[in-house]
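See structure below.
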Amino acid sequence: MDWTWRVFCLLAVAPGAHSQVQLVQSGAEVKKPGASVKVSCKASGYTFTSYYMHWVRQAPGQGLEWMGIINPSGGSTSYAQKFQGRVTMTRDTSTSTVYMELSSLRSEDTAVYYCAR
């Protein structure tokens, strides 16, 4: 398990002081192969620009797969090699929202997509 998964798992179970933090994602979508999808994640309850945001996904019957990370402050990104050229992560500081766009969709992209602080 690499550090990104340790961070993700820690955030998933951390109780107490951060219970006011909310990440609200856009709803489910159905897309055809070759299309693109853009998922939003609106943050609240903390200083948006102070924490990096990860995107992960979980395909049916599979484990979590890390896709990439964005720095909401400067907008810099780092993507998993598997998604290079197909994924774009952006942010809008005025609405405390991050976005993940995945293009050239394939059947194997069927998954639940999550943002994680």
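Note that Cβ sites are derived from N, Cα and C of the backbone, with glycine treated the same way.
Summarising the annotation, Swiss-Prot assigns signal peptide to 1-19 and lists experimental evidence as the type of evidence.
Residue counts for the domain 'Ig-like' (20-117) under DSSP, split into helix (H, G, I), strand (E, B) and coil, are 9 helix, 45 strand, 44 coil. The domain 'Ig-like' annotation in Swiss-Prot covers 20-117 and rests on sequence analysis.
What Swiss-Prot lists as region 'Framework-1' is 20-44, and the listing cites similarity to another entry.
For Cys41-Cys115, the entry in Swiss-Prot reads disulfide bond. There are 23 other CB atoms within 10 A of the CB of Cys41 (disulfide bond), with all protein chains counted.
The region 'Complementarity-determining-1' annotation in Swiss-Prot covers 45-52 and rests on similarity to another entry.
The annotation region 'Framework-2' is assigned in Swiss-Prot to 53-69.
The annotation region 'Complementarity-determining-2' is assigned in Swiss-Prot to 70-77. Long-range contacts of the region 'Complementarity-determining-2' (70-77) within the same chain: residues 43, 48-53, 55, 88-91, 93, 96, 98, each at least 6 residues beyond the stretch ends and with a Cβ under 8 Å from a Cβ of the stretch.
The list of residues near the region 'Framework-3' (78-115) in space but at least 6 beyond its ends in sequence, with Cβ under 8 angstroms from a Cβ of it, reads 23, 25, 31-44, 48-49, 53-60, 62, 64-70, 72. Summarising the annotation, Swiss-Prot assigns region 'Framework-3' to 78-115.
Within 10 Å of the C-beta atom of Cys115 (disulfide bond) sit 22 other C-beta atoms, taking all shown protein chains into account.
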